[in-house]
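Presented below is the structure to which this report refers.
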Amino acid sequence: MAPYAVLLLLGLLAPAALASWNIDEDIRLDTIGLLTKYGYPAEVHEVTTDDGYILSLHRVPYSPVSPLQEGKQKPVVFLQHGLLCSSADWVVMGPGAGFAYILADSGYDVWMGNARGNTYSRRHIKYKPGGLFNRKFWNFDWHEVGLYDLPASIDYVLEQTGEDKLFYAGHSMGTTAFWVMTTQRPQYNDKIRAMFALAPIAYMGYMTSPFFQLISLANKPLEFLLSIMGVNEFLPNNELMTLGGKLLCQDKALTQFMCENVLFLIAGYDSEQLNSTMLPVILGHTPAGASTNELLHYSQEIVSFKFRQWDYTLTNLFHYGSLTPPKYKLSKVTAPVALFYSGNDWLAAIKDVNKLYKEISNPIGKFKITHSKFNHLDYLWAIDVKELVYDKVLSLMSRY
């Protein structure tokens, strides 16, 4: 009870109730609940991967301003979230601001993926995510998301819609998984009309996030420590996190600046584009949980300056037949790809994005966000993200 007592005490520093009736409700509603609340049709679909994970897909087949037309299939777009996130990323900011709403209003059939291990995809045909003996469930990183989750999800969406291609937009780890899929299973390039990479992550040698720098410095000791402690899941969504976000991060709370700075330390400082009023809602849905291996794999990338598979160190020869892990051959990414990047993204550094751009085979182009302070998380929650990013994505989509 002690942590809750502390949060309740700190909550007294925020004398005013949450400013808007919808803030408190939006903290608790899930992705489907949010869509339904704002008058959008919402569907839940399930798909089982080849290695047994049961994933939830969320769909917005049309919108109030762009209804279905009899006998006509809307173009399909698939959205994939980043590390520690979920399909809620695309809807928490509400109609006119969340990318899923904007796409549906623009005439698209919108599908949102949920990677294994997050809030909506915590099931397996054999293993359980909780308990003392949960290692087998959490024994994955973003390599498996790209190798199994994305192909299963994309195949299911195409089967359900009768289409043979779709648009793909990913943020952060949602781009990493795409590079994995299209290099390890290159036939999936042919199922992509065009891919839009928001804050693309492949190489990470030049990233400047203090949080990830610290993890990378202690990569091997941390990996060993987490292993012997049996810590396999990183930052799952829970009631304590939700309560903390509500009490400490609301408007007029003296502690709100701390919530802002935690995000800025990870992603880059941009107070101009952060809607602080929405922080309790964001923290009600994010973090959504991930495998510790996903975080550790990124830390390996930072140290090595390479984009390659998991480094087993002493047992690489057993796993791969070589002393070092295989590199992902980005030349195999032949789908049309547009890279959206920014100068103040502390995770997707310009040098790393440039290296990625040179290696993929069919780039549409690189598009630098004009706002100089735009950070890694602004692609989801920035006040002006529609004008700065989404309108350009929609314009490019119309060409394909």
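Glycine is no exception: its Cβ is also placed from the backbone N, Cα and C atoms.
Bear in mind that the values here come from a model prediction, so they are computed numbers and not experimental data.
As annotated by TrEMBL, signal peptide applies to 1-19. For 35-93, the entry in TrEMBL reads domain 'Partial AB-hydrolase lipase'. Under the heading active site, nucleophile, TrEMBL lists Ser172. Residues or ranges marked as active site, charge relay system by TrEMBL: Asp345, His376.
Averaged over the domain 'Partial AB-hydrolase lipase' (35-93), the predicted model reaches a pLDDT of 97. There are 26 other CB atoms within 10 A of the CB of His376 (active site, charge relay system), with all protein chains counted.
Remark: secondary structure over the domain 'Partial AB-hydrolase lipase' (35-93) totals 7 helix, 23 strand, 29 coil, with classes taken from DSSP.
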